[in-house]
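Let me begin by presenting the structure, written as structure tokens, before commenting on it.
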Amino acid sequence: MVGGLVLSQAQTHQAATPRTAAPAPAPAQALEKRPRDQAQPCGTVAAAAAVSVSAPSLDEVRKVHARHIKLGLDRCPRYARPLLAACAVSGWPGGMELAASIFESLVEPEAFDYNTLMRGHVSGGGGDRDPAAALRLYIDGLEAGVSPDSYTFPFVLKACAQLAALQEGRQLQAHIVKLGFQHDEHVQNSLISFYGKCGAPAMARLAFDRVEAEERTTVSWSALLAAYTKAGLWGECLASFGSMMLDGWRPDESSMVSALSACAHLGSFDAGRSVHCALLRNTARLNTIMLTSLLDMYAKCGSIEKAAAAFDAMDDKSAWAYSAMLSGLALHGDGRKALQVFDAMVREGHAPDAAAYVGVLNACSRAGLLEDGLRCFDRMRLEHKVAPNALHYGCMVDLMARAGRLDDARALIGTMPTGPTDTAWRSLLNACRIHGDLDLAWHALQELRRLGAANAGDYVIVADMHARAKNWTAAAALRTEAVDSGLAQSLGFSAVEVRGELHRFVSQDMAHPRTRDIYEMLHQMEWQLRFDGYKPDTSEVALDAGEEEKGRVVAAHSQKLAMAFGLLSTPEGAPVRVVTNLRMSKECHAYSALISEIFGRDIVIRDRNRLHRFRCGTCSCRDYCRPQVEPPPSSPTRTKPRRNQGDAIDELSDAGAVAKAPALRREMEGVAI
């Protein structure tokens, strides 16, 4: 422990060497006793100082520094500080080395000098970032008896954040309180930011709550939102943004970008649109970063049209913006449009990076564009010299496997320069589920086990394939093995947004305050589908049970409950937006397509892999064929159903099926939670 901080001594830096290691400075009296005839005119000294401030390059600074040495001014802080600041903050390659040399020559460096050098170490100009040196410099200052000021701690906390040095940062917080800087605005904000960057959102929130309400600033809120964003606490981020707005604060760019990121991950379209309005009210002109964040939010919330509008509104599209647009089009399965955007990116002179190629390859995979995907993969390696990584190979494996070329996909995995990865084997495993190749699926699971990367979902895929083959013993053994290995499968849920609030449902959910209304609406939806002759597809239900029991399982799926609540609670004609952490099943896909046609609604569902937009009975993904229905020959003309659940009984009566309503209701309500 040195100076109250426990630090590793593994790294060294010139600026962190003991003060005794520096060249012995000339006594201050020597400067005062310089013969008057050797003293330089005041104009010469002033000119040297002026040159040091306006030096345009590192070479100019070196010349000025040499002149200072010749004049005997190199040890005087008044003339050395401008040179120190120029080298430390300019970003010139090699600038920090000269800055450290100038610092070492100072007779009695003060807190300002320490702060300047620490700023250079954490800003990383010219690739010279060295946060460990900044932290050791702080300790040197304490040992030299230099008292830190309010500008010292933001730089030191930033160094701790870059090192992820949580314990050292907590010790610094004790120093802050001890020295009485806990109420300084810059120190408070730096402390919140430090905890957020170290992945400790609870500590960031605690530091924020300790700031008095009148002492909080927009930067304080922005640092808190960034902490939640880094930790993936999207709900907390959006709630804090709402509190910020209610408290009357005008959000800055950083806070609104964090809020848009939260809306994108939650699929909260209404909240994202509100943030967009706040952006327009508080910003004279949207820059590329803001527009890119809007693009990403709208694409992930199911409105690719608004995402394209944000993309087209950019005057100067960056490579990041192109990558975001490609990823959005891939999420929507629009491979042709993604290829057009990619070609435009190349024509504009942007060199596609690894992220851009992940987007375009993913788009080709989801759109089934095998030949285009192969050409893009070749262009990446041969034309743009981008080395394929695990994500690129995963996209290619998925592309080939979706096209039915499972053997080619397996061979590609064997040729990966980095060796087979879990991403590639998992893509192959998912394709085996689609094509029903149980033997290859078992091999992929074995490879995932060998890599130590198998998760509960991998076991479930193979177990369900055994179940569909009526091999119940093997299916049960795999599920038991997953449990015995401590692999817990996350709870499946579906969430629907109503008036800016997300309502979450699980399968057979009975906990919602409007459960009775939801199941009444579900009865109406079920009857309308049966009226059209539709029968539930239970082929993917991995249970050793009869069709009636399987039908009960799929009847109250979380996705169906979310759709029912959305239809019940949103205005006529408004889209219903659902976000689920499950993979879209064939049954839910067919069910959603028919509901969109019968109720005249757009149904937007984002599952864990991609986005499905149902309109007039068809889906944007084109992954599944439209379900075959057999309407009764004497069925009357169907009218558009009304939203009121009481009217559902009237419609049943009009169809001559009043007697079926109580039985259907008992059947649905009798399902166990």
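Counting begins at 1 with the first residue displayed.
Note that Cβ sites are derived from N, Cα and C of the backbone, with glycine treated the same way.
Per TrEMBL, the features are as follows:
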- 12-30: compositional bias 'Low complexity' (COMPBIAS)
- 533-624: domain 'DYW' (DOMAIN)
- 12-39: region 'Disordered' (REGION)
- 627-661: region 'Disordered' (REGION)
- 217-251: repeat 'PPR' (REPEAT)
- 318-352: repeat 'PPR' (REPEAT)
- 353-387: repeat 'PPR' (REPEAT)
- Looking only at residues six or more beyond either end of the repeat 'PPR' (353-387), which have a C-beta under 8 A from one in the stretch? 319, 322-323, 325-327, 329-330, 333-336, 338-339, 342, 345, 395-396, 398-400, 402-403, 405, 610, 621
- Within the repeat 'PPR' (353-387), how many residues are helix, strand or coil going by DSSP? 28 helix, 0 strand, 7 coil
- Query: Could you give the mean pLDDT over the repeat 'PPR' (353-387), rounded to a whole number?
  - Reply: 93
- Message: Based on DSSP, tally up the residues of the repeat 'PPR' (217-251) by helix, strand and coil.
- Response: 27 helix, 0 strand, 8 coil
- Query: Counting each residue once, how many in the repeat 'PPR' (318-352) are helix, strand and coil under DSSP?
  - Reply: 27 helix, 0 strand, 8 coil
